[in-house]
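J.: Not my notes, these are from Swiss-Prot:
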type: SIGNAL; residues: 1-24; note: signal peptide
type: DOMAIN; residues: 37-115; note: domain 'Inhibitor I9'
type: DOMAIN; residues: 122-600; note: domain 'Peptidase S8'
type: ACT_SITE; residues: D147; note: active site, charge relay system
type: ACT_SITE; residues: H206; note: active site, charge relay system
type: DOMAIN; residues: 365-454; note: domain 'PA'
type: CARBOHYD; residues: N376; note: N-linked glycosylation site
type: CARBOHYD; residues: N380; note: N-linked glycosylation site
type: CARBOHYD; residues: N405; note: N-linked glycosylation site
type: ACT_SITE; residues: S533; note: active site, charge relay system
type: CARBOHYD; residues: N675; note: N-linked glycosylation site
type: CARBOHYD; residues: N722; note: N-linked glycosylation site
Amino acid sequence: MMKMELRLLVSLIFILCSISMLAAEENLEHDQINLMTYIVHVKKSENVASHQSEDLHSWYHSFLPQTFPHKERMVFSYRKVASGFAVKLTPEEAKSLQEKGEIVSARPERTLELHTTHTPTFLGLKQGQGLWSDDNLGKGVIIGIIDTGIFPLHPSFNDEGMPPPPAKWKGHCEFTGGQVCNNKLIGARNLVKSAIQEPPFENFFHGTHTAAEAAGRFIEDASVFGNAKGVAAGMAPNAHLAIYKVCNDKIGCTESAILAAMDIAIEDGVDVLSLSLGLGSLPFFEDPIAIGAFAATQNGVFVSCSAANSGPGYSTLSNEAPWILTVGASTIDRKIVASAKLGNGEEYEGETLFQPKDFSQQLLPLVYPGSFGYGNQTQNQSLCLPGSLKNIDLSGKVVLCDVGNVSSIVKGQEVLNSGGIAMILANSEALGFSTFAIAHVLPAVEVSYAAGLTIKSYIKSTYNPTATLIFKGTIIGDSLAPSVVYFSSRGPSQESPGILKPDIIGPGVNILAAWAVSVDNKIPAFDIVSGTSMSCPHLSGIAALIKSSHPDWSPAAIKSAIMTTANTLNLGGIPILDQRLFPADIFATGAGHVNPVKANDPGLVYDIEPEDYVPYLCGLGYSDKEIEVIVQWKVKCSNVKSIPEAQLNYPSFSILLGSDSQYYTRTLTNVGFANSTYKVELEVPLALGMSVNPSEITFTEVNEKVSFSVEFIPQIKENRRNHTFGQGSLTWVSDRHAVRIPISVIFK
């Protein structure tokens, strides 16, 4: 009897232990499911600020429980870009951590979005001259590309004739075997955390393209499907490249990886950082790129970022911090042209990358599927969405499809599946006259919104409408270039409307550069892509050229040089236009279109030291703790004379004007000739008066600084009727230089 009771007791204990273990495992699994990566900012301690990375790592670990699985949960420890770390926590653990006095903040990380031959000539860069002379071409400068990795074997990254990297370079290469890294591609790191850590090979194709745009070598006979044929080169062909992979196709681009990449890049010794990604408008103390870029600026590193592809609406920007160069996108004067010719003889030009040589010029039946549907199906058919055309006989016909909802490639496949033999893509009103060279799956052309309306009217009013496509190949010399493309994000900045953004526009439409996989069965592979992702590395490369010429210039001085020398007219000599062919406003263009040749010799610059941003940040109303997250030193705004945004020594003015006058100062640094005199020229915004004192300034030595003041005086309110903002400029003119800054005024 006792033995039986003992067996029952043992069995009961075993069952209870098993239940307990199962419950523990279930809780563990539940915790694992609830784990999220948190970005943790810690109050900076002077005792550990100068410690080695290992000591810093141990200090960060001290904030976590002793029983905590540090090795499995700690993601990154930051040294340069932040006082803090990234760690996997449950919400409960994060809440407990935030209760510690030394913790400034702990918040879940977010995922950032990517902003996705002829351009050097278009920008005035010529081999053997100026910035492209043999002793420049970006020589000695290191550009860090924070992106999706790279295809390192592309000839755009060969190192023939290149010297070793500068002695300051501390980075390393995670590619193994052979000569993958070289004197061109000097470093490559993968910051994407995964179960199996892999080398930083490209998996989106984005990073290879952006790296080549910034600093690709000269490659002859580059083209895509035989189009845009010529010598491909980045902006700074002799600059060194360091690659930091932060994105993959499974988890996107995490902010913990981006902060880690910026942290490592600064430590490695890069001179320029290029980031073609962003998060939208955020407080700067929550924006990983703004935080990392401030640390970069403190260390003399220039940071260039894409403005985003969320235009053409106002206040759609990413990367708004004033210590970042925010880059919008413009067209170039090269187009890959085709036209839609109608049965009435009218012809409407557009673009396509697919240029068949043998397409018949015979007029074919032309249909608009949106004419056949009912209710919601009408819109689906007008957009040529997948499956929407299966009940329509399109055999042997040219099909008109509206742009939108799905890619043009998908629309083309639907047309093909339904028997269509050619496609005309009609832009939406938002796209206007912006067209793109795309490798369609059938003969096709994208035409403007206005052309699309006319073609629809022709179809509706004609008994048997007909059309054909005429393919014209690559045409150079569009007098309307540069123009602002529809997708380029616009200002004003949401987070800091007193700083004009974007800063600049640069080439971002139909850009040919290196690609990881051939799209036309030709090796080496190139592709043509559009986006502010493309305009950003153009400016990164141009910054590298300027840095090579002027190694002692600060990031703010380089930015000023780029902005104050920008073009405001297109090749036809009229103001730069937008996608509607209306004059582009200041919130689309910023200072204007980059002119690298002039930027190398600006005459004067508006310089800013890192500490100058603290009064500005206090003026934004940020708390001391929030500012400390950005600047990484102790701040007390009560002891700082805060300034309004427009008082920052920025190479533009953006003011919100009511009924009272506003008064600001700026300081100029002479980087031109020692003895020079400048006089002010004003383009005064609508309904405004302006006074500049002094109106003439004289310099007697290089690096001399002179200040001036500007008063903005509101005029009669009736003059503002039907206007929400005005724009103008202030230019200091000498016999050799014109140093222009744009002015935006929002009326309240």
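Glycine too: its Cβ is placed from the backbone N, Cα and C atoms.
Mind running through what each feature is packed against?
T.: In the predicted structure, the domain 'Peptidase S8' (122-600) carries a mean pLDDT of 93.
Of all Cβ atoms in the shown protein chains, 30 besides its own fall within 10 Å of the Cβ of D147 (active site, charge relay system). According to DSSP, D147 (active site, charge relay system) sits within a strand segment.
Every protein chain considered, the tally of other Cβ atoms within 10 Å of the Cβ of H206 (active site, charge relay system) stands at 26.
Across the domain 'PA' (365-454), the DSSP tally of helix, strand and coil residues reads 26 helix, 19 strand, 45 coil.
Around N405 (N-linked glycosylation site), the same-chain residues at least 6 positions away in sequence with a Cβ under 8 Å from its Cβ are L383, L385.
When secondary structure is read from DSSP and collapsed to three states, S533 (active site, charge relay system) falls in the helix class.
In this structure, N675 (N-linked glycosylation site) belongs to neither helix nor strand by DSSP; it is coil.
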J.: How many neighbouring Cβ atoms, not counting its own, are there within 10 Å of the Cβ of S533 (active site, charge relay system)?
T.: 30
J.: Filter the recorded positions N380, S533, N675 down to the ones within 10 angstroms of H206 (active site, charge relay system), Cα to Cα, kept in sequence order.
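T.: S533, listed in sequence order.
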J.: Sort out the sequence-distant neighbours of N675 (N-linked glycosylation site) for me: same chain, 6+ apart, CB within less than 8 Å of its CB, listed by position.
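T.: Those within reach of N675 (N-linked glycosylation site), by Cβ under 8 Å and sequence separation of 6 or more, are F699, T700.
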J.: For D147 (active site, charge relay system) and S533 (active site, charge relay system), determine the Cα separation and express it in whole Å.
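T.: Approximately 10 Å lies between the Cα of D147 (active site, charge relay system) and that of S533 (active site, charge relay system).
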J.: Within 10 Å of the Cβ of N380 (N-linked glycosylation site), how many other Cβ atoms are there?
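T.: There are 18 of them.
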J.: Could you round the CA separation between N380 (N-linked glycosylation site) and S533 (active site, charge relay system) to a whole angstrom and send it over?
T.: 30
